[in-house]
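Annotations per TrEMBL:
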- Asp346: active site, 4-aspartylphosphate intermediate (ACT_SITE)
- Asp346, Thr348, Asp742, Asp746: Mg(2+) binding site (BINDING)
- Asp346, Lys347, Thr348, Glu459, Phe501, Lys525, Arg554, Thr634, Gly635, Asp636, Arg716, Lys722, Asn745, Asp746: ATP binding site (BINDING)
- 67-127: domain 'P-type ATPase N-terminal' (DOMAIN)
- 769-996: domain 'P-type ATPase C-terminal' (DOMAIN)
- 87-109: transmembrane segment (TRANSMEM)
- 121-140: transmembrane segment (TRANSMEM)
- 253-277: transmembrane segment (TRANSMEM)
- 283-306: transmembrane segment (TRANSMEM)
- 803-823: transmembrane segment (TRANSMEM)
- 829-851: transmembrane segment (TRANSMEM)
- 881-901: transmembrane segment (TRANSMEM)
- 907-928: transmembrane segment (TRANSMEM)
- 935-955: transmembrane segment (TRANSMEM)
- 961-987: transmembrane segment (TRANSMEM)
Amino acid sequence: FSFNFYKLLSFSYASHIRKYIVLDKSLFDEGVGKKKKLIFTDTVFCCPWSRCCGGGDFRPRTVWLGHPEKREQRYPRNVINNQKYNFFTFLPGVLFNQFKYFFNLYFLLLACSQFVNELRLGALYTYWVPLGFVLIITIVREAVEEMRCFLRDKEVNSQIYSKLSTRGEPLFPPIKHFFFVGIIVENRTLTSITSLEDGDPPVNESLSIENTLWASTVIASGTVVGVVIYTGKELRSVMNTSNPRHKIGLFDLEVNCLTKILFGALVVVSLVMVALQHFAGRWYLQIFRFLLLFSNIVPISLRVNLDMGKMVFSWMIKKDSKIPGTVVRASTFPEQLGRISYLLTDKTGTLTQNEMVFRRLHLGTVAYGMDSMDEVQSHVFSAYTQVFPRIPYLQASRGPGAPKVRKTISSRVHEAVKAIALVHNVTPVYESNGVTDQAEAEMHYEDTCRVYQASSPDEVSLVQWTESVGLTLVGRDQSSMQLRTPSGQILNFTILQIFPFTYESKRMGIIVRDESTGEITFYMKGADVMMAGIVQYNDWLEEECGNMAREGLRVLVVAKKSLTEEQYQDFEARYVQAKLSVHDRSLKVATVIESLEMEMELLCLTGVEDQLQADVRPTLEILRNAGIKVWMLTGDKLETATCTAKNAHLVTRNQDIHVFRPVTTRSEAHLELNAFRRKHDCALVISGDSLEVCLKYYEYEFMELACQSPAVVCCRCAPTQKAQIVRLLQERTGKLTCAVGDGGNDVSMIQEADCGVGVEGKEGKQASLAADFSITQFKHLGRLLMVHGRNSYKRSAALSQFVIHRSLCISTMQAVFSSVFYFASVPLYQGFLIIGYSTIYTMFPVFSLVLDKDVKSEVAMLYPELYKDLLKGRPLSFKTFLIWVLISIYQGNIIMYGALLLFESEFVHIVAISFTSLILTELLMVALTVQTWHWLMIVAELLSLACYIASLVFLHEFIDVYFIATLSFVWKVTAITLVSCLPLYILKYLRRRFSPPSYSKLTS
């Protein structure tokens, strides 16, 4: 990685790069033409390959800038890859995934057996063409999905960036966003950065979390010189996610089970046929011949029909105008959406919009809500428009022993608003609005051109609120901040120190100097649990924080501390010394900062609300009425998660909530589980730490109680815990799970679930790219499950049963034919008849069942209880399978015995009568099965009949063309067809008349 220029260099970066190490620009500004060697040493890097091999030793990493030949190891490329296969593994992988299914392997062996002369029953193409057709359809479908995935990855991996000059012109040719190095682990730090120059002594500067740019960071002002240390597979977000597993739908497993039963029936029938021959002669060869003869019992067309049906279902989902933007990334199991029992959802960005709105300012003795913000505005206005402005030296002259003066409400409000306007990491950015250009807008602080940028939407909402009450953040850079008062005066503050928010500290602070007065103030805001021990004693903080949290508000405690110049200089000296420490740097820095965090003055509480996504409440109600249990897994704190659950009506008004107390030992977990067991119809709220303890000692008992609960909220959940919960639900209940999320921390959960749904939100597309289905809003999930999931499952069940019926009919006829003719292993139909039967003669009507529906989509959404019937798996069960087997045996016997009784003298008449009756029976059975006619179904029926009639001219080898034109043929075929179908029509009418299904009551 070589630098050929030494002016300020800005690195562009993609959203999936996790972290960056930022270098001091002075390293590059000292003279043009002097080549530098920069060495970055990370003493805590652990090689992932050594960890996999069991070593796990921490190894230093040295990155040589300008000397790539000196690197000691290769680093992963900075690319994302969501593909299941590569160029070399695609064909072997697809074939393996196909032939691991029992009946696909069976048909491969079947087709190969035709190369043995003793086992050959007909032309090779009668076995190889259907198998080849199935494989081609599968390979093409997988290739299309892999190509789409490749193009999506390529779009991200090939984003082009340009280095721009100060005039906005390209200074260098566009470069791709590839980097040679990538992320830093949060709680580990780089040891040093060494700048070497010919003849100059080495200069060491330490790097810490403050020198890190996070993913999706926007440079609001100025430029940054940086280098990336970790990329690709070494990203934290990648290491946090598990490898995507190859998901197999439950429906496919059930169909695979049914085909095994059919294979067992095939073996039994073959053995019976040979046994009735008294095992004469080469009976073992006869067994194989009968296995081939009755091979239609296991339908080869079943897999291709189901795969093509899934492609149609996926197309319908993508084309649904009521759920725009929905993408099906895994078209192999859309019917899974119709059998979901547990829905596990993230909170922020999924149920909520991740858009914060300021709702409450609490000063202890008085609180201001949305309806009283005009009072806050008037207090701020009066503070900056007093006739006698405050005199700084009078305040400064008050010593520590001076008596305290009780502050007025106006001054307290002003101090609180001022603190909120200063303690943040928000940067105002000015953009051209078409009337005013960017430079002019930035110079005059144009309100219409200003946009606030920050890493957290909470901070933006707070700064926007201070602007609404009169104190506006108009400018900021690394060392200063500017506020504008209601009167238009600009207040300048010098930023002396910033202590950023971290997960461990749960607070952030800033030390600023007011340029007009010289006052130095330390402001801090953070979570109530951390700030309670930092602020001065009070009797209202804990109570009011709890009250605001119960209202669904995110609460921050704001405090301040005035510092003298001597106090700050002493602190700065100790702080700089701690930052230069090589050993235990983080601990020493934290200790120095904590020396300031004592006896701070409590100013106020702020409450912001994360707004719910559109129609979250009705969607959750639909899911609940459909029999789906919803679990919310979030990283937020317990109070906020509980309030969101109430606000979204995840927990209904008449349900109690059991908050699982924090447990750390086995005995505590046992007592708390017993307390929860005594409650009925009660929602559970539990933290990630307590969940870990329960799963360690009482996994079975906890999962049993949790599954009985109407709703579960897990807060403070790590990404791996989310995936673990999904896995436990699958193992303990055997039910299908669906996981919904929008961020990178939800990827593991999404990939582990039976159905993963990604929501395209503000946290990027990482979740949606890794998911099986991608939606734009949470409310679309209701229609995705209630309409498309339900239809896909019912249609797939009907299609599979009909394909099995079609194969069993002809196999029953073959069995009757062989038994009548002395158990001979001679095929009834040969050549094109056997191929045409399952293709051009019956394929279109049977496949048109993918357009069938029992109720309209509006009815399915209005009555989600219809979805509950599918959870028992009744559309495709052993009962329905047995019914269709009996129907097939009945119709096959009627058609074959009818043809044997009514034929005249020649064998070809038996073929003509039985085959024509079989085709007509199949077409009529499709009509019997259809519940709502579509015009394409009628076209399919007529087209198939026309194809059969037209093909009779070319089938003179198998059928007597002159015989089928006689009246005798017509009445015999009509009689046989009526006897095979009419009783079933009568039974269907009686059943609908006396025992109608639930959906028929809604359609009538």
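Quick reminder: no glycine exception, Cβ is built from N, Cα and C everywhere.
Those TrEMBL annotations? Automatic predictions, nothing curated.
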Between the binding-site residues Phe501, Arg554, Gly635, Arg716, Asn745, which lies closest to Thr348 (Mg(2+) binding site), Cα to Cα?
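Closest by Cα: Gly635.
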Reported in the order helix, strand, coil, what are the DSSP residue counts of the domain 'P-type ATPase N-terminal' (67-127)?
31 helix, 0 strand, 30 coil
Run the contact check on the transmembrane segment (907-928) against the transmembrane segment (961-987): 3 or more C-beta pairs under 8 Å, excluding pairs closer than 6 in sequence.
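Yes, these stretches are in contact.
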Give the residue from the binding-site residues Arg554, Arg716 that has the most other Cβ atoms within 10 Å of its Cβ, counting over every protein chain displayed.
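Neighbour-count leader: Arg554.
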Which of these recorded positions has the least crowded Cβ, counting other Cβ atoms within 10 Å: Asp346, Asp746?
Asp346
Mind checking which residues reach the transmembrane segment (121-140)? Cβ under 8 Å, same chain, six or more beyond either end.
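Residues 91, 94-95, 98, 104, 107-108, 110-111, 114-115, 289, 292-293, 300-301, 303-304, 307-308, 825, 827, 830-831, 834-835, 838.
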Of the binding-site residues Phe501, Arg554, Asn745, which sits closest to the residue listed as 'active site, 4-aspartylphosphate intermediate' by Cα distance?
Asn745
Do the transmembrane segment (935-955) and the transmembrane segment (829-851) come close, with at least three CB pairs under 8 A (pairs 6 or more apart in sequence)?
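Contact between the transmembrane segment (829-851) and the transmembrane segment (935-955): present, because at least 3 Cβ pairs are under 8 Å.
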Please indicate, using numbers and ranges, the residues of the same chain that are 6 or more beyond the transmembrane segment (87-109) and have a C-beta under 8 Å from a C-beta there.
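Contacts with the transmembrane segment (87-109): 127, 130-131, 134-135, 138-139, 142-143, 146, 246, 252, 256, 259-260, 263, 295, 298, 300, 302-303.
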Across all protein chains in the structure, which of the binding-site residues Gly635, Asp742, Asn745 has the highest Cβ count within 10 Å?
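Selected residue: Asp742.
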Whole-number answer please: how many Å between the C-alpha atoms of Asp746 (Mg(2+) binding site) and Arg716 (ATP binding site)?
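If we compare the Cα positions of Asp746 (Mg(2+) binding site) and Arg716 (ATP binding site), the gap is 13 Å.
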By the count of other Cβ atoms within 10 Å, pick out the sparsest of the binding-site residues Thr348, Phe501.
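Looking at the binding-site residues Thr348, Phe501, the Cβ with the fewest others within 10 Å is that of Phe501.
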